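Quick notes on the structure that follows.
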Amino acid sequence: MGFITKAIPIVLAALSTVNGARILEAGPHAEAIPNKYIVVMKREVSDEAFNAHTTWLSQSLNSRIMRRAGSSKPMAGMQDKYSLGGIFRAYSGEFDDAMIKDISSHDDVDFIEPDFVVRTTTNGTNLTHQDNVPSWGLARVGSKKPGGTTYYYDPSAGKGVTAYIIDTGIDIDHEDFQGRAKWGENFVDQQNTDCNGHGTHVAGTVGGTKYGLAKGVSLVAVKVLDCDGSGSNSGVIKGMEWAMRQASGGGNGTAKAAGKSVMNMSLGGPRSEASNQAAKAISDAGIFMAVAAGNENMDAQHSSPASEPSVCTVAASTKDDGKADFSNYGAVVDVYAPGKDITSLKPGGSTDTLSGTSMASPHVCGLGAYLIGLGKQGGPGLCDTIKKMANDVIQSPGEGTTGKLIYNGSGK
């Protein structure tokens with residue numbers, strides 16, 4: 001995954017339908033979290049109807065004793081609510097089979113899917129330049145041909161743009177960020193640090209002073225994965241919701257700030273309608289999102305949020321413009337970016353070299369921030385701009401997959 005560790009791709013299948021509500025089941029290899037579910041409402045459901053539904057749920061939970069079989073510990077019930085852009089409303093929590101059946105009988109509910117484990121995906125005219133770049137990916141994005149050691153870029157370098165890194169956190173004190181990184185929110189544990197390193201590496205590629213594409217961008221840590229690089233799908237969606245609200249000026253819809261914001265998700269799990277709908281809500285709010293395609297060397301349509309068409313899905317390339325052997329592929333892939341043996345930042349002030357589509361995606365996020373800083377329009381349409389600028393050079397990209405490798409338009 002660049003994704004660092006492997007996420008298991010799976011297609012969710014409809015298990016049953018009760019009064020129009022689908023109850024989905026994950027395939028046999030998904031790491032489902034016992035008794036945890038995400039309940040997604042129909043798009044036409046109003047805020048008032050959503051609140052009425054969750055009020056009913058709370059009252060219903062209070063009126064019954066929900067206990068696990070063979071255990072005296074009660075079920076937690078509803079734990080989080082989500083509202084993204086006025087078009088995606090959902091909640092998640094811990095429920096027994098009887099409660100799931102009751103919830104599914106409500107006409108306002110679109111579908112219910114099990115919560116599961118999500119993991120990292122690692123395995124110009126006024127140009128300035130950086131010689132002897134510490135990571136080959138920088139030189140490749142700034143040049144039409146491979147093999148260079150200089151990164152050519154405009155000195156605007158993403159200034160005035162904010163990048164939300166939805167990951168394991170960021171070492172915001174790393175000297176390469178020069179004070180441009182800050183802590184946002186934590187949705188997975190009580191440690192407001194990057195105890196894994198994945199998020200810091202990703203953020204370094206997006207906006208490090210030496211290691212980043214957008215050297216002037218502001219960075220915000222949104223922690224959704226723990227020290228082991230894993231978390232729940234529901235927790236990831238909660239982080240997506242928070243980031244969208246911040247990027248939209250703290251509100252629920254599109255604001256001027258949205259067009260000056262980018263997001264990176266170097267993570268993924270089995271295909272999830274809930275995750276894809278949340279990603280679409282972010283795109284609909286006018287925010288550009290780069291997403292890792294995954295590291296299973298298979299069609300990325302089986303992974304989320306990579307399979308959501310409105311995001312910019314990124315596969316990983318090698319130093320000689322080949323497809324990285326681990327990289328996912330397929331029609332949902334928008335572009336390739338450097339993802340094999342990428343050197344970037346490590347918590348504690350040092351560096352590390354990692355491989356994965358997790359490393360490719362931040363090249364695209366950083367390029368998105370860079371282009372917005374140059375005056376290009378932000379939002380999901382920025383992916384089309386990036387594709388038009390890209391060069392069709394990837395050798396054997398995979399069946400039905402683009403061969404386009406990102407390029408910053410330096411003219412070099």
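Glycine residues also receive a Cβ, built from the backbone N, Cα and C atoms like all the rest.
Record features, source Swiss-Prot:
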type     : residues : note
SIGNAL   : 1-20     : signal peptide
DOMAIN   : 36-120   : domain 'Inhibitor I9'
CARBOHYD : N123     : N-linked glycosylation site
CARBOHYD : N126     : N-linked glycosylation site
DOMAIN   : 135-412  : domain 'Peptidase S8'
ACT_SITE : D167     : active site, charge relay system
ACT_SITE : H198     : active site, charge relay system
CARBOHYD : N252     : N-linked glycosylation site
CARBOHYD : N264     : N-linked glycosylation site
ACT_SITE : S358     : active site, charge relay system
CARBOHYD : N408     : N-linked glycosylation site
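Everything Swiss-Prot records as a feature, shown here on the structure.
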residue	record	CB count, 10 Å
D167	active site, charge relay system	31
H198	active site, charge relay system	32
N264	N-linked glycosylation site	33
S358	active site, charge relay system	38
N408	N-linked glycosylation site	26
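Averaged over the domain 'Inhibitor I9' (36-120), the predicted model has a pLDDT of 86. Using a 10 Å Cα-Cα cut-off around N264 (N-linked glycosylation site), the recorded positions D167, H198, N408 reduce to D167. Here the domain 'Inhibitor I9' (36-120) is broken down by DSSP into helix, strand and coil counts: 24 helix, 35 strand, 26 coil. In the three-state DSSP reading, N264 (N-linked glycosylation site) counts as strand.
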